[in-house]
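First up is the structure itself, then whatever we jot down about it.
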Amino acid sequence: MTQTSQSPATLLSPPDISKPTVRKRSVACSAGKPHGIWDRSAAAPQISSGLVTPVVSSSLTAPNTSHSPDVTFLLRTPMMPDLLVRDKDVTDSVGSYSNPERFLGQNYKELKRDFVKYNARFLDDKFLPNESSIGEGLLSHSELERVEWIRPTKMVSDPHLVVDSESRFDLAQGELGNCWFLAAIGAITFQPKIMDQIIPVGQSFRKDYAGIFHFRFWRFGKWVDVVIDDKLPTIDGQLIFVHCKTRNEFWPALLEKAYAKVCGSYADLHGGLISEALCDFIGGVHLTLRLKPDHPEHWALLYRAEQYNSCMGCGSHAGATSANTELPNGIVEGHAYTVTGVTKVMSEGESVKLVRLLNPWGRREWKGDWSDRSPLWGSVEPEERSKLLHSKEDGEFWMSVEDFCRSFANVDICCQSPAFLDGSSERSWTTTCYEGHWDENTAGGSMENKQSFWKNPQYRVKISAGETDRAEGQGLNLLVSLMQKPNSRHRHHVQNHNIGFSVFALKDQRAIPAAFFSSSAPVARSKALSNSREVTEYLRLKPGLYLIVPFTYKPKETGSFVLTLFSKTKPN
């Protein structure tokens, strides 16, 4: 959208950040006993089982008046600078960081207590160790017949959930095309606090072991706590899917099982987008950057993202076929990688910008300039070289930012704060999150549907002059995220709509007639309709009253969504 100098909004998304119209994947109760099913196969008895306060009104008015919930920002002091905190987290309500929602109603603490009391081993009746949990089309019939679900205590003599600490080098991909998931895991291993949220501390195969574990994910506006048993699919005693290079360490396999349960089955993890896994691990703010060769802004954004402890992953260009073909330069086509570092080095008197990547396969590395065996490292000071260069066939390598932008199609950045977008540290981010729904009466379609667009859900946002940054001559920064919720638990069965949103300037609080949308142009909007799970835009609005309208491309397309508004404010 072209903005004029008179426009009350300026679009500030970083240059060349685009979202394609179509996003494709790279890849019973017994009385007196704990709820669940007895597992007769084991020796021990086993049983299964912020900061922005809105005022919202949502009554549909007469046909000539538009439906518009009011959203007024009442800003409070942030808990800590530049940390994204949702209203749910402040109030400690269900779904918050400290009080996650129980996935499928399973209470880990109660189940664990009961199984320990009865000296039992948990068997999850919500995700049974059978073919349905593996899913359709992943293994052949003969392979399925050979699958045996085994607990780690039966695989090795001294099982551990974590040995020392979680590392990006722990992972070894199995017979599942989920490099996108593993690349995201590799990124979060740099963030101990995030790892402790996803893999709650205090779990082990020793004290009070009952064959039950739990993990946490951020799913569509709320944190969920996912309970699993520790039976893992094997063939001939070997784990089929992701496993740890340390044979007695099981956190990757159990984390993968918990995520498979959330997504419907292991087969539902076959093929995907790094962005989805990063968001499910972190929440926060997500940005997809479409890479172009020789673009200076790419480095600036990557460097800021690194400074703000963002988690990043990237995807290489797809090949002529769906096969992951290794190119002569060592890069695998249509493959997901973890971005594990961004730095500068001095080489022959010049500053060289480097990006470090990790292939989740743990092998097959870049062979060009600045690779492990590149002679260019000889031009770097020995102390700096020894700190950065580790010549191992471990899947990790350095390359110049220029080669990175040529070799990869996009990079996904996920951070707990939007501050990395402009690098500002003088203000703090506040946020609020809404759950909404489109149905036959409230899905008016895009603005092409002039007779029905007014029916879409609408949210008023008031930005007062007191929060204006006079030095910039603009109002509060605002990041708008629209995420559509799945219509099926099974990830591969989800049918996403093409979604977007528009932002309109309002003169006052009066009811909005339907004709308003025929005579008024949006001051900002999502760049393109997309069937992505999420569309996001970064805006800068002047003081005033605004209307945000999320919509689907076609009228009467039903579904639920999460609208999240991140605003930037001066600390008190």
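In case you wondered, yes, glycine gets a Cβ from its N, Cα and C as well.
The structure displayed is predicted, hence computed values, not measured ones.
Database features (TrEMBL):
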COMPBIAS  1-10  compositional bias 'Polar residues'
REGION    1-28  region 'Disordered'
DOMAIN    121-417  domain 'Calpain catalytic'
ACT_SITE  CYS179  active site
ACT_SITE  HIS335  active site
ACT_SITE  ASN359  active site
Cα distance (Å, whole number) from HIS335 (active site) to CYS179 (active site): 7
Length of the line joining the Cα atoms of HIS335 (active site) and ASN359 (active site), in Å: 8
The domain 'Calpain catalytic' (121-417) [mean pLDDT, rounded to integer]: 91
Cβ-Cβ distance under 8 Å to ASN359 (active site), same chain, at least six residues away: VAL332, HIS335, TYR337, GLU365, GLY395, GLU396
Other C-beta atoms that fall within 10 angstroms of the C-beta of CYS179 (active site): 27
